[in-house]
C-alpha cells in the first residue's frame, strides 16, 4: 500500500456542507430542539404578521370595553384601558423582540470584535479589554440601568443599548478564549508566512472556529435580554407609550384582583420565548458536542471477531528457551460503532512472551500494536472489546476474568510503562505519594516501609537526589526524570511482566539511550519479562531478545532478534528495513558551498 | 564563492517571562549560520536546543533581540508585518505537525490557493497552479476538493509542501517535517524533498532532532545545544565523525538497527561518556 493512495470515502467532496445540514437535521430530530424552534418561529411570525392577525389598534383605548372578557370583539379580552389584549400582545412581541435583539447585537458586536482583536494581537489591547470586561461584569446591571434612565430618559431602546454594553463581556470572554486557542495553530502561522493579511486570517481561519459558540451565546443573551426588558417595564421604568410584554405585565398587575387572567398572556409570552431560546442554545451545544464525539448511544453489537490475513512467518527459537509467561492466541479486538457495526483493529494476533525475555512488538502507526498491548491489560478505551481469542498469563486466561480478578493482577503481576510520562503522573500529587499508594494497596505494607522502598527504587532508576524527587510535584521534573519515576512505579510491586508502550518515543535521543540502559539493567537484575511496543528498530536491536512485526492488525513475522534482523523474510519487514536511514550515504557537499568546519570551543 | 542566500549573524532571541521584572528567557545565544542558494543546511538538536526558534526567527515568527538575519543581503530581522508579507514569495515553511498545519475546515484547494489569492492571481490561473502543485508532490488532482481529515499524515505533509511551493520561493524552512511520520512514509517524503530541490533549486533550512534524517538530506549540518551552534560543517563529516563532545554523544545515543553493531555502539557510548566525565573532572581540578 502506498501512502499516496487516497482512502475512498463515500460522498467525500460534499461532506463539509453535509455535516452542517446534518446538524440542522439532528436539531430537528431532537424533541426539545424541535419544540424550541417551533415556538421561536411562531413568535417571530406573530410579530411579523401582527397587522394580518388582528385589526385592532394596540394603543386605542375604548371606554366601552374596559376589562372586557374574552369574546368575539376581543379574542383575549381587553385591558383596564379597554385596549385589545391580542393586538397588544402581537405588537408587543415586535417591540420586545426588537429590544432584545438590539441588546444582543450590541453585546455581540462589542464582545466579538474586542475578543478577536485582544485574542489575536494580545499585548496592550488585551490588558485593557480584559480589565474593562472584568469591570463591566463587576457592575450591578440594574443600578446602571436605573442611572441610565435617570440621565437619558425612559426610552426602551436606550436602556436596551446600555444593557447590551453591560452584557458584552459574555461574548468577549468566549471569543477571546477561543481565539487564543487557535492563534497558535500551525495553519495560522503558515497563513502568516504565506503573506496573508491579518484581517483575512481572522475572517478565514479564526472566525470559523468561534461561529458556533457565538450563536449559542447569542441565544442565551437574547433570553436574558427579554427577561430584563420585561423586568424594567414591569417596574415602570420603561417607555409606557409603546406596547411591550413588560408594560402589559405592569398594567395587568395593577388590576390583578379584577382581571387576574390578564397576567397570563404576557407572562406566557415571556416565559415561552425565554425558555425556547435557552433550550435552543442548549440543544445546539449538545448536538455540536455529540458531532465531535461521534454518534450517540453506542449499540453493543454481538459480532464476534474473525481471524483473517496470512499466517505469520515464524523463525525457529534457539533451543532451551524458557517457558512462556504470556501466550496470546488468535486475539481479535475491535470497537463497536453506532449502528451495530464492529470495526476490527486487531485481526488475530498470536504472540508468546517467555519468562525473563524482552519481547519487541514493532509496527507503524495504525498497525494495532498498542491495541494489542491494551487488550492484554484489558484497558481498552470506551467501546473497545476483545471479540475472540485467548490471553493466557501464567496459566490464567485474562480475556475471561472479571474486572475484580483483573485488579488483583494489574499493577501487581503485570505493570505498565506509558508513552507520555508527563500525562501519566497526576499533577496534583507529589511523586512520592504516587509511588507509595500503589505499594500500600498492592503489597499490603506500611507507609513507612513503602516510602523506604520508593526511595531505594528512585535511587535504583538513576535519579540523582531521591529525597528531593520524592517530595516534588510532576511539573518540577524533566520528561526523562518523569519516565524514570514511572519505571520505578512499574517495578515497585515486583511484577512478572512489564508492558512498555513506546516508553522512549517522547524523549530526546540521549535520554532514550539512558532509559534503554536503565530498562536493560532492571531486566537483568529482576529477571522480569518485558513486552515493549515500539516503532524503532534501533530500540529493538538494543534491548530485545525476540521481536514480532505487526501490520494491519496481524503479526507478519516473529522470531529471535538476531535471526530476524539477519534474515527478514516477509516483504513488509524487508521494506521496513529498507526505509531505515542510518548508515545511508550522506548527501555530500553542494558544488559551490563553503567547506569551513567550525566547532564551538569552551562548551561541554 | 557566491553571496549566501541566508546569513544569520550572532542572532539572539529572547522571550519575555511572565511576571514583573523577570529576566527574559534567552532561547538563542548568538547564533551564526549561512545557507547558499540551492543548498540544504540541516539543523539538528534536542528539545529546547533552540533549533525551532532559529527557524521561526528566519520566518519572522520569533522576536529578534540582537544580531541580524540577512536574506539576499537585506536585513529581515526587524521588518514590520506589512514588509514581512512581501517576503512570502521568497521564504516559505513546512511545519512538523501535518495535523494542525492545515485548517481542518478548508478544502485542499482553498488552502493551496490562499498564498496565490494574496498575490491577486486569477482564479482560473490559481486552480491550474494547484493541479500542477499536487502533481509535483505526487498527489492525484482529485485531492483538491477534499478536506484534510481524509488524508494520512504523509499525504498531509505532501500538501503542506505543495503549499510552500505555491509561490516558488528561494528558501523553505522545514521544521521537523518528517518527525511525525512512519518510517517508510518518512523515507518517501524525504525523497520528495530531494527531488524538488534538484528540480527547482530551492534552498532548505532543515530542522530535525534526527541525525540520520539530517544526514540523508543535508549538504551541511549545524548542531545546536542549549541555544548555541556547537558544530557546523560538511554533512558527512559532522554526522559520522564529529569533533564536538556533544555531537559525539548525540551520534552514539541513536540506536542502530543491528543487534551486534548496536552492542558495539553502546559500549563505545559508555566509553565516551566515561572519558568525557573524566576530562571534565580534570579540567575542574586544574
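If you go along the chain as it appears here, the first residue is 1 and each next one adds 1.
Glycine is no exception: its Cβ is also placed from the backbone N, Cα and C atoms.
It should be emphasised that the depicted structure is a prediction, and the values quoted were computed from it without experimental measurement.
Per TrEMBL, the stretch carrying the note transmembrane segment among A:12-32, A:33-53 is A:33-53. Listed ranges A:59-81, A:128-150; the one TrEMBL annotates as transmembrane segment is A:128-150. Range A:214-237 is the one annotated as transmembrane segment, of A:214-237, A:286-309 (source: TrEMBL). By the count of Cβ pairs under 8 Å, the stretch nearest in packing to the transmembrane segment (A:214-237) among A:33-53, A:95-121, A:128-150, A:156-175 is A:95-121. Using a Cβ-Cβ cut-off under 8 Å and counting only residues 6 or more beyond its ends in the same chain, the transmembrane segment (A:33-53) has close neighbours at 26-27, 86-87, 90-91, 93-94, 97, 269, 272-273, 275-277, 279-280, 283-284, 287. Note on the transmembrane segment (A:95-121): residues 43-44, 47, 129-130, 133, 156-157, 160-161, 163-180, 183, 198, 201-202, 206-207, 210, 214, 217-218, 221-222, 225-226, 228-230, 242-246, 269-270, 273 of its chain, located 6 or more positions outside it, place their CB under 8 angstroms from a CB of the stretch. Mean predicted confidence for the domain 'ABC transporter' (A:326-577): the pLDDT average there is 89.
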